[in-house]
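Novice: One structure, as structure tokens, below. Some questions next.
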Amino acid sequence: MRAVVLALTLALVGKYTPDFAASKTYVYKYEALLLGGLPEEGLARAGVKVISKVLISAVAENTYLLKLVNPEIFEYSGVWPKDPFVPAAKLTSALAAQFSIPIKFEYAKGVVGKVFAPTAVSETVLNVHRGILNILQLNIKKTQNVYELQEAGAQGVCKTHYVIREDAKAERIHLTKSKDLNNCQQRIMKDFGLAYTEKCVECRQALMGAATYNYLMKPADNGALILEATVTELHQFTPFNEMSGAAQMEAKQMLTFVEIKKDPIIVPDNNYVHRGSIRYEFATEILQMPIQLLKISNARAQAVKILNHLVTYNTAPVHEDAPLKFLQFIQLLRMASSETINAIWAEFKAKPAYRHWILDAVPSIGSSVAVRFIKEKFLAGDITIFEAAQALVAAVHMVAADLETVKLVESLAFNHKIQTHPVLRELTMLGYGTMVSKYCVEHPNCPAELVKPIHELAVQAVANSKFEELSMVLKALGNAGHPASIKPITKLLPVFGTAAAALPLRVQADAVLALRNIAKREPRMVQEVAVQLFMDKALHPELRMLACIVLFETKPPMGLVITLASILKTEKNMQVASFTYSHMMSLTRSTAPDFASVAAACNVAVKMLSNKFRRLSCHFSQAIHLDAYSNPLRIGAAASAFYINDAATLFPRTVVAKARTYFAGAAADVLEVGVRTEGIQEALLKLPPAPENADRITKMRRVIKALSDWRSLATSKPLASIYVKFFGQEIAFANIDKSIIDQALQLANSPSAHALGRNALKALLAGATFQYVKPLLAAEVRRIFPTAVGLPMELSYYTAAVAKAYVNVRATLTPALPETFHAAQLLKTNIELHAEVRPSIVMHTFAVMGVNTAFIQAAIMARAKVRTIVPAKFAAQLDIANGNFKFEAFPVSPPEHIAAAHIETFAVARNVEDVPAERITPLIPAQGVARSTQQSRDKFTSMIADSAASFSRSSEILYSDLPSNFKPIIKAIVVHLEETICVERLGVKACFEFTSESAAFIRNTLFYNMIGKHSVLISVKPSASEPAIERLEFEVQVGPKAAEKIIKVITMNEEEEAPEGKTVLLKLKKILLPELKNGTRASSSSSSSSSSSSRSSSSRSRSRKSESRIFIYDMVDKNKCLYKSFSVNTLAFAVCLQDSQSTSNVISRSKSSASKRRDELRFKMCFSSQDKFLGNKLAPMVIILFRLVRADHKIEGYQVTAYLNKATSRMQIIMAALDENDNWKLCADGVLLSKHKITAKIAWGAECKDYNTFITAETGLVGPSPAVRLRLSWDKLPKVPKAVCMSEFIPGHIPYYLADLVPMQKDKNSEKQIQFTVVATSERTLDVILKTPKVRNIMTLYKLGVNLPCSLPFESMTDLSPFDDNIVNKIHYLFSEVNAVKCSMVRDTLTTFNNKKYKINMPLSCYQVLAQDCTTELKFMVLLKKDHASEQNHINVKISDIDVDLYTEDHGVIVKVNEMEISNDNLPYKDPSGSIKIDRKGEGVSLYAPSHGLQEVYFDSNSWKIKVVDWMKGQTCGLCGKADGENRQEYRTPSGRLTKSSVSFAHSWVLPSDSCRDASECLMKLESVKLEKQVIVDDRESKCYSVEPVLRCLPGCLPVRTTPITIGFHCLPVDSNLNRSEGLSSIYEKSVDLMEKAEAHVACRCSEQCM
């Protein structure tokens, strides 16, 4: 094919193609320049220049020699264009021998063919020759002057435009060609570290490139002579939008004709070998890091030297150059041979300090050498399992993928020794899939043989039913993402293969998720699979929702999204409907460029579905997607969360969270975490499995056997699993089941674990020192591509870090423990721990753009250095027996800066022959910044002077009044920014320093703000102005010894805060009894009496105790007097007593100021008969001390004491400053007034008198609904800045029961009160009212009908009767009650667990299954029958090993347990295990067994209800349904068939009899009935049988009562033979041909002769 293309190209070549005549040597002057930096002049740039003479001579037909004569190499690092190029004389001399060797090349009709050169010529030097040959590459057509084509060149095959103009007079030909380097069929480019990223096609690319070639040619006899050729190539890079500025790399070539010589070029004796074509060939620059240049003479010796440096200089805090030295060590290992690396390992493997540096560096080699090293050392036993796992994880993600590496990882994954270690096996298998994925990114046509071993392993796992292994294999296939895996994966899915029937659901889920990475390469193929899975409504809902996730990740087109919307319209599964709709809804808000088309399609779909699905409950499965993308910055982030449930339980079945980023035209799934909680909730909340009770199981199974074709649900195996993905690759997963937990517990209780614990304790008692150093090459991202000059250009990003932790710890136990001790003895000892820690981290980050070869480097670079050192020394003491905990922090010698960050950008040039002479120039030269700043300042000053007359206002508003053209000048002045902020507190001075010099004076964009020098310094030192701090103490003392720890004795002023006489009583009258204002004469006289008494008492001698009297009337019955006469102190006690004895509370509207005053006065009155300070009579319950121990012995810190008076339900907390001259205190007093109300006062300031607040929390009723109110009021608060003014909200229509709580416009609340009220209008809805003060008015906000995710347990909160003797059981019961679902029946209407109502016509004397555990465990069963004689309900509960019968007799409920009647006197009843309780409740009886799955069964004479716990949702069956939230699929028969008739559904759960003489007294059976009439089906006369069982009387019995039902019938030809015993047994599985009515019997009467 290539030969045909070449022939066609040559046929189209015109007469003006360059030609070099034989026996002549053409002499040209050649100059090449490669320069990088910012486009503005006056800034630093870096580059390389090559000057030489070029000789071209023909040696044979179409074969020529090219030789460079007197080449010179220059390097540049300086301010452009002021500074000159500097000759790299040593490098020129070193390469002179290679440049002196001519190369051969084929050249015909303007096309360069093969290139030949001796092996002595390095690939780098040969590439420089290719850059010259690239100028000669011309495809000139005969008949066209303007055309375009894909032309081969040094940089690949790229789109090229030609324009030819002929100047006949001057005999010159002008030819211009331009290349679009972003539009290439085959672009020569190497990427490292980008295998996990996805190219965002819709995003603007960060790297743009183009080249122009201008030729001046002179016609010759056989073609044309190139007189002059000029090449200009420009590459532009910016991570942001190019409008904000970009760095550029410019390449220029000039080839100028000099003369023609007759002397041919002398061909040397070297053997010429074929070295490729004009295409650029990568050399050692692949192994060369661009951030440093090393001249390697002896790799082993140099590596050992650096290794010694790393170990020696990182024993204390990490050396500031440690990351750079670590990178040098990696560079030397890359250049070294395998033998050298093995020799270094053999020398240092026995030295732990050296060993870990080698193992951490080897994965960063990035080639197959690293994988081979790890494999050999592990198999030889040189490294441990932990070391191997750590090295393998790093190597898999850092090693470049080629066929050799992939095969190495494959052999490692299937190695027998690896297979014996589960962790290593999982890591290597996942790693093998990752290596295949990385290889296929580089080679899109990667062979399917790479994943064939994994496919074979999957087949074996299916055949042997090894589900855990199959799950691991599917994850490996998911990592590989090879399209050839679609078929093996789909064979494991229900729609496509038969093997899926035997697979657990979690394995099928893993198979669906394995399609996600394949979808990135073959979205169409995966779409077909995902759509079929989603459309199959017989599949488990979880699989369909996972298929939905996969489908939207393929970015489906508009038509497919609309198809999904159409499917949802008829979807019966609410989980699937909710998940898909929420996924579409969240995608409509997407701003990410790659999801723009999907967002538009979802927007249309949501409009089609919004009326039907917008109000779905949050209990159903949900998908959430949030993203933000900035087009100017080309930066974005997205987060997705998938909440997958299948039964509306509290804990979802699966939760997946994913984070995605967009940067510089690429996208990547950074992190994904998935958690599967199947069975965990049940394992946590239900009782441990009881011993197999044959009698109980037999009874239940006998009952179940009576059901027609009953099928149990699969038991949910207690299992949790988690996986973690990093950049789309699963790096780890774990499955947790009961066996793993048992193994962990067994290991923890093993003698070896106890011995290990004892040894660790002994080491701590003796004093131990730990040091850990971890170096890491965190990021290495590179893109290398050739330039027109022939030298490579590189864009790269590196981050290396070294972290070290030094810990010195020593423990002391008092008293000392014996040699053999139990862990419980530690609780009786005083434990002291002294520790010193010195963590330190140094991180270097480099961003490079420029030339990078093994000989020379010239680039612009951004370098960031971050260093943190945070030393600490502390001691901790724990004395559990005496209730004491103490923590002390001691001063340490801090470094100059605990954290420092420096960022600088510069241009650098260096060559390998003269490394010490490298030239570094800041991108913004210091003198340039000063000059530009001064010029801007002078210009600004002159403009201000010229405009001074026009500015007569204050200088404070000068900037706002400046013209718009002044703004850039102001910004230029603040180019250099310095800021220092220091804070002194607690004897410590902390400073934050920030300096910045940026290029913002050129253009104020983010890109130019990053250019320059920036630094951030944080220092923490002892304060020089205060005495030294010896230590900082924090101590907590609990119990009777708390009083001994008091440092500062608290004294409180006992004076009354309000007068005792007239004022107090008038307040009582006005506030507590506002209704008495216009009351009866008795009230008036009492007030008058009180007033006069108050006046007389106040005029008496102070030595006499004052006495006042008052009448207080009931708030409801104004004529009922509660208290007639008492003293003031007695009054206070009466008010408290009145509130504490109340049993209910009504929250109603009242004046805010009155409410506030009433709270304050009630608080004062409640405490007037008690001590203001509880410490006068009570010892503190808890004391907390926080203090500084200073060198001058001055006490500084705080003391917190807590007192509790249980008799009065009062708590007091006082916080005081320890300084004897500081009287600041914070006092908090709280009292429990009743079970419905609590109030507290918080005051602070000098002696707690500057500021105070009152807080009251109460529960009660608002209308018929329970409510909670929180009120906060104050007299005085510290001043705060004014908040943003908000407009007043005037409520419109409000419910009648809120009319007293939401004031209208004319009402105003207090400006010193906030009130928050929550009204529970139902178990799942709340009304919320908030009243807040404003400057001039009160703002009232309210929200009605706030939906809750779960029900409020009103009944349970008011009456915690079950298991009152055990607080753990109380909490367990409440938790179960909140999330339980209820089924109930009133009269003949039954409400299922899913809240679906239907009328039920119960058959007489036959038990029906109300609710049962439909798993094979059969934890409980609830049966219901209607008695034939009285037609009263009778409930039977089978649970654990007991049978409970509940029925009515003489208007009372009778309880029987195992046929033994339980009298009312013996209730409550508990079973021997204590997990089942039966008790009276209201007019009926309730059974509680939440740990068995049955929350409550309530029964009385008129109704019954059943509640099952949250973890049983989706696992029940019977008349009450499945409790899975799917009310559209409620009518499921015991066989699992979904019927449309509620009557047929109810009758299917009847327990029929075999004989009318059975003890059950049921006279009916279920059978398929024949349609009484014949019908025509498919043009044939047919007979039809019901596919649903119908209730009929037993033989020998006659129906007394019937009911019509509509059921489905299956029809057969009349002449077909239907064996009734065989045919009717399978008729229930037949399809429905028609729907007809039939009669069902609900009451029967049998003759005495019936059998």
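A Cβ is built for glycine as well, from the same backbone N, Cα and C atoms used for every other residue.
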Novice: Of the candidates Cys184, Cys200, which does TrEMBL name as forming a disulfide with Cys203?
Specialist: Cys200
Novice: Could you pull the disulfide partner of Cys184 out of Cys158, Cys440, going by TrEMBL?
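Specialist: Cross-referencing TrEMBL, the cysteine bonded to Cys184 turns out to be Cys158.
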Novice: Within a 10 Å radius of its Cβ, which of these disulfide-bonded residues (Cys158, Cys203) has the fewest neighbouring Cβ atoms?
Specialist: Cys203
Novice: Pop the Cα-Cα gap between Cys203 (disulfide bond) and Cys184 (disulfide bond) into the table, whole Å please.
Specialist: 18
Novice: To the nearest whole angstrom, what is the C-alpha distance linking Cys203 (disulfide bond) and Cys158 (disulfide bond)?
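Specialist: Distance (Cα to Cα, whole Å): 21 Å.
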Novice: In angstrom units, rounded to an integer, how far apart are the Cα atoms of Cys200 (disulfide bond) and Cys158 (disulfide bond)?
Specialist: 21
